[in-house]
Structure formats: structure tokens, C-alpha cells
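Structure, as C-alpha cells:
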Amino acid sequence: MKLKGIFLLLLLIGLSHASDWSFLNVNRIGAKQFIERNPENNGKDVVVIILDTGVDMGVPGLDTLPDGGVKVIDAQDFSGEGDVFYDEAEFGQENNEKFLRAPDGLRLFNYDRLALQPLDSIYYIGVLDEERFKNTVIPDVNNNGKQNDKFGFVVLQSKEGWVTYIDLDGDGNLDDEQPVWNYKEKHQALQFRGRDEKLNKNLATFAVNIFPDEQRINFHYDGSSHGTHVAGIAAGYRLNGQKGLNGIAPGAKIISLKIGDCTLAGGATTTGSMLDAYEYGVEFAKNYDGPVVFNMSFGIGSEIEGHASMESMLDRLLMENEKLLFCISAGNEGPGISSVGLPAAANYVLSVGALNTRESARDVYGAKLDADKVFVFSSRGGELNKPDILTPGSASSTVPPYSNRENKWGTSMASPQAAGAVALLMSAAYHDGLPIIGALFKKAIINAARPLKDYTILDQGAGVIDIPGAYNFYKKYVKREEQKNYVYYRIETLNPMDEDNTARAAYWRLGNYLPDKHHKQVFSIYPEFREGWTADQRTNFYRAFDLRATEPWIKLNQKSTYIKGEKAARVEVYFDQRQLNKPGLYTGKIIAYRKEWSNKAMNKEFELWCTYVNPLIANEQNHYALKSELVKIKPGNVQRIFFDVPVRATAMTIQLFTEGSKYANIRAYLFDPQGREVEQYTRLSSEFESQEIIRLSGDELEYGIYELDLYADFRSEEPSYCTYLISFAGLEVSPNPIRYLTLRNGEDARGRVSVFNYFDRPVLCQIDGEISGWSQTSYIDDESELYQKDFTIGPEVEKVEFEIELPAEIFNLMTDFAINIKNYEGKTLKADGLTYRKKKITFVPPASGDYYMELIPAFASTMAQNWTATLKESYYLFSRLNIKGNREYFYPRVQKETSFYVDGNLPVAPDGFRLFGHLTLTSLDRYKFKVFVPIMLNASLR
């Protein structure tokens, strides 16, 4: 009997492990455990609203609920991608068959045989032309081998409401089609026909919505697979038809609100699409008898953190609708600090970073991690007290049939884990008869989260979601009636990086300067009262807090503070510099606990984050060169190096070296002083090379503290080793830029420059360069959602480089900025977009000819606004002219003149353009820096 008992125990353990689907990890945040203890609280009665690229409701996992009901209950498209307008049809007859004719001549026969007929005898007709899909992933929507099909449809007002009949097989006859209502009415999922079903699969599922007042019909579908993947993580049930393979909240229903136009790069949002979708979802929630949570795995880089238009709109919506919570991906701009994106920087949303779990890393990527890691790409905090929490950021999930990328990673995959977690908590609270308060769920999630060892608050926020712990906290909050008097807290403090705007955290990245006891930093904590509070309630509000610092270098003269009425609490803080002497990143926080309760995790009301960056300093003592000892990095880990660019530096070189026979598989990321990733990055591999180099010069090099992050690939079998050398040049060249050359008696064009070496070591340089082509810079001042720039590429041009730059305050008005380069057949040849306000795009044409570029700003507001930008276009020639100069020594503190000449005849630039190129001073020592001096020549020569 004992042996049988042991065998049964082992069998049960085996079955338990067999049912764990690490491809979509539901264990790490406690979802599986929570549902096993509370089977009815699996998300049932909760609606998860997915704002994304659309959701394919036809794939296994998103078709049904556990009780057999429909999973996706509504599908709307706010991007405009699926819009088709229709007109009143003309009547005709041919061979005794009646037809309706569209303005373009398309005919639809046998309308008179339809089961539903118009009450007013008016038929409307439109055409879904396959041509519109040419810049999507499914240019052949019915997969019949052609890309020029036309699918006609009629719209009519019947006794059963507005309906459409769609010629789904494109044969011109309607009598083989069924009436289709708005999707949310009868949940009809559509697939286009006409393919050989034995050979060719269906590619996508569509949903239809009719807008008779606008004579518009919309075909909703997922054109990138992103939204479908996200939906499966949040609330999928039996993904891919597999029993036990579920999303976080398999019992939840889904609403798809499409905000991304998949004809644009990354499925970019369009003007007003994000706000319109949120407002639609909020209106649904007001009328729905049950809890609602939103997920949006979308965003761009933040230029003025926490002050973007969309962030303010989201905070306002949450304050006006207390039952809701918005989960938003933190962004994929890490691992540099100060990289959380827009609109994840909104104060009251739940911003989610990405965790790489050991189980998923093992089973999906074959990696052997020693512990869970924060994914390298996950955006980090800085000026902002974000991200809020972590969840697993990789998954194998649902995708439309056209896609084979079921494995994806990103904070886009982490956010729906959080939304699913909220759905479970809301489901439990709803079934237990507890009030549904979004802000309290967020508080419970943050206070119950479990932090990872060896990661800062900037990396992980509060840590990893713990669903059972969060629900335990939530029940206690309700028991002491916190739902009756909770408030939001708005934290403001000095932002030394941008004094025109406040920050929500103390963030010092200014060399050795930091707040001291004579110059304290002041945090102001304002109460934000909910809708419906009276003037007396606001006036009589009082709340006191005990303050505790997590790090000994964070100094407080006060142990408590309070808020009275609408007056802010003040907390003064300074840093003990004696404890911050070593270079590196220092983070900590001040925790405010409710004074009437104990200083336990569940009683945290708010936190004040503190960050100090102590950089490596390049100076005369180290000859403006920073050389490391041997660096060891475990797989999945990041080694951060902060360094200050010295005054008068004109070029910087970062060299990475392998070390003997030691293993290296490293990616180096470089972030500028504002936290934006520099476009140059490199990989160092002991298998292929022993040295890699990154160079910055001229306008690319800013003063301030840079961050170099060395990341060891998590799939590596062993630690990586390297050393680095960061060096600076202080060669100041004048004139800069070079605007004229001298040309005499048919000789080559010549120029002279003066060079002054501000640093303390002599430098031997080779002087050369090139005349690259011609360029022009224009200023854009526009009020439209589409700006078109026409350009012509001659046979002498190899490529065109476009540089676009928006003011930060303009960029913060937007939710996206898409860029398309097309030929005059409308085919997109290159699609891109702005992550931050500056972007450089290179276009290599398939042939010489005429092209055009579309600039497509997406404003947070529902109407386009005035926007400005500078656009530089540079045409690089196949035959570039070499510049030849001397090999020169430049001694410290000595000014020296040197000459150069252009080897060949200068080309003639087109009208309005000027020749451009660069002069390069390349050091011949071990530091290998390059000082680039731009050349910009007008038509006239001297």
C-alpha cells in the first residue's frame, strides 16, 4: 500500500508538471494557483478591452469561453484602416437577372432574392478592393493567388435593422451570401472565400460594422498579429485547441478596439484613434453590469516624461471612472534608465515591465538562467516612478492564420499578463460582492508585488505581480472601507534635467552635484480627489504619513508629514555624498505609510523615488581615457557604465575587447544623457571578432552623462568577459562647418582648417574625407494628418538619407509618427516611424525615378493640430569625391593649420541644394577616434 501511495504521489506530481505550459507562463504571477483555488474567479463576468491592431476572433483560443459562449463580444476599428464608403446603388437588368451597379461599374446580381429587403427600397453599394491591401501582410485576402479581386457589398435598412450582404467569394452574386449585422449584435466572424481549400488556408477573420449616418462600413481585422497575440495572453482559452493552455484570465470576455493602422510601420496609431477607443471603452463600461479592464500594448518614446497630452487624457479618464484600470506596456527602449515611454508615463495607469522567467527561457529559447531576469529591452524609470510592476514578457500565444510568429517577446506581452491579473482580481471581487475600484486594485498589486534580487526600482518598480497576495490585500482594504475615501496622489519635484517641467522622482544625473543638507530637494504630494467629492469633503480631508527611507544615503529631517484639504504635503530630502563616492548607479526610495496603521507593505500609500548617477570622469589624470578591468557578465545580466563627456570633447570612441580565450557574447547599448538609445550599437563575440568599436563626433556627441550597457545574451551557456576603453579627443577644428573651398586655374578645390588640441596628449592624425553628394534642409509648418514630400532620384544617386526632427513639445502632442516612402503606384517601399522626436532614415531605391515620402503624425486629440519639423534630405552619389590631406601631429594647447584638397571635379548640385560631405581627422594611435567636420558648400567657390 505504501508503494502504491508513493506511485500515486509521483504520478500526481508528473501530471502537475505536465499541465504547466511554460510557453505562456501563468504560474509566475500566481494566476494558475489563484484559479485552482477559485475556479469561478477565472475572469468570468469581466471584460478585457484590448486596444491594439485588432483581434482575430476566429483562431482557436479566442473563439469561445469556457462555458461555450462567444469570447470576443465586440470589435471596432478606430484607425480607419478598414473603412470603406458606399453610395446609393443604381438598378439594372441583364439576361433577366437584376443587378445593382456601383459608381465604378461593379455589378452585384440577384439582390432581389435576398431574405431581407430595404424598408425604403434604397440599396447602398460599395466595393472592398483587394488593391487596398497591397501594403499589408495579406495582399491576397482570400488566398486565391490573385491580388486584384473586388468584393462588392450592399447595405440596407431592413425590418431587423441595418445589415450588409457581402460578396465574400467575389463572384458578383449575392444570393449565396447571408445577412451580416454589426459584429456586437450577432458576433458574426467573416472569412473571404474563393481559394482552393485543400491547398490554401484562410488568412484572417473579419468583423463588420455599419455606420449609416456616414455611409461607411468598416472591416475590422488584425493586420499585424500583435493584437491577437496580446489577447491570447490576457484571456485566451484553450489556445491552439490545447486543453490547459490558457491565457491569464480564460473566463474573461474580450472587446477588440483597433487603434493601429497596419499599413503603417508597426501598426501605428492615427489621429484620435487612441482617445476615441478609450472613450468608446469607457462608455461601454458605464453600461456594462460587470468589471472592465483595459490593456494597451502600444507607445512611443517619451520626450518630456509625464507631460504628454495622451498621458493627461488617460489620467483624467481614470479619475472620472473609478471602476476602471488601464494596463500599459512600459516600452521596449531599455535597458538604459529614463526610458519609460509614452503613454506608460501616465500617473494613474498600471505600467508594466517585462520579466524573463527561467521556465520560459528554458522551454522556448533553450536557455539556462540562474534566476528570473528583467528582459534587456524593458524600459526603465528615472525622472518617473515607473514601471509599476513586472510580469512575464515572452509568450507563445494566438496569431492569425497568416502568421507563423506565435512566439513573441516585449513589454507588449507583459502588459496583457497584468490585464489578465486585474481581470482575475476583479472577477473574484465581483463574485464576492466587493466594490470594484481600479485605483485600489493598482495599490494592492503594487504593495503585494515581490521584488527581484539584484535589480533596482528603476528596473522593476515594485517587482513581480502576486495575484493571491494582491487579492488578500484588496479584501483588507475593503474591510477597512478604503474605497470610501481613497485619493490619488500627484507627486511633483524639481527636474534638474528640465527645469521647465516637474518630475515625479528625484533624479540626479549631473556629475557630482546632488542635493545636500543646505540645498534640499522638495517633494510636493498633492491629493487628487475623485469625481463627486463635495467642497466640504475636499476641505475636511486629512491624512498623515510615517516616512521611511530604504537607503542610508537618503536623508530626511522629518519622520512624518500630512495632507490637509487640497494643500500638498512637503517632504524635504538630501543625499549623503560621503556614501556615494564610488562611480555607479544609486537608487532608493522614501516610503510613506498611513500613520494610523503599521509600517507593513500593505499600508504603503506612496513612494518617493531617489536616483543618483555618479559617473566615471575623464580628465588629465587619466589622459581622457577610461580603461576597465576585466568585466564578467552572467547570461541575461546588464553591466551599466556611466561616464561624463568632458568639456571640449569633440569625439568619443568606445572600444570593446575580448579577453584571451574567454567567452564573450555581448551586445553593447549606448544611451545619451536624456536616456535615448544612440543608433550606433555593437555586438562582441569571441567566436567572430576580438574587438568592436563605437564612435561619436560632432552633433552626435552631447555634453552630459552617457550610459553604456553591456548585456550578455541570456541564451549563452556561460558568462561573458570583456574589457572596454572609452576615450575622448579634444581637437577643435575651425571653421566648423566648412562652407567654402578655393579653386584656382583649373586646380583641384582646396581648403584650410585650423586645429587646436585642448587635451593633454599629442595626437597623430590622418586627414581625409569625402564630398558625398547634395542636400537641403526645409522647415515644415503644417496642420494636416498627412504631409507629402516628393523627390526624384537620378541615376547618379546611390541612396537618400532623411533626417527629421520635431520640437519636444510638438512630439508630446502625438501618439505616433509614421513615415512611408512609396513609388507612384502607391506601393510602400520603406515604412518607419519616430520612436523619439529625431529620426534618420536611409532609402536605397530599387531604381532611379520619382518617389514620395509621407509623414503621418498621429495626434492624441481627435483633430490634427499645427505641427512643425525640420527635414534634411541628403542624396549620396555612387561616385563620391575623396578628400586628401596630410598626416599631422597636434600637440597639446597648440593651434595648427593644415590644408586639404578634393581629388576630382566638384559636381553641380541641383537648384536649392548644396554639396555636402565631411573632413575626417582619424587618430593613428590606439584610441582610434574620428573627428568629423561637416562640409556644406554653396554653389559659389572662392
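Cβ coordinates come from backbone N, Cα and C, glycine included.
Positions annotated as active site, charge relay system by TrEMBL: Asp52, His226, Ser412. Marked as domain 'Peptidase S8/S53' by TrEMBL: 43-454. The signal peptide feature in TrEMBL is assigned to 1-18.
Recorded features from TrEMBL, shown on the structure.
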| residue | record | DSSP (3 states) |
| --- | --- | --- |
| Asp52 | active site, charge relay system | strand |
| His226 | active site, charge relay system | helix |
| Ser412 | active site, charge relay system | helix |
Per-region confidence, the domain 'Peptidase S8/S53' (43-454) (mean pLDDT, whole number): 96
Asp52 (active site, charge relay system) and His226 (active site, charge relay system), distance between Cα atoms, whole Å: 7
CB within-chain contacts under 8 A for Ser412 (active site, charge relay system), separation at least 6: His226, His229, Val230, Ser297, Phe298, Ser329, Asn332
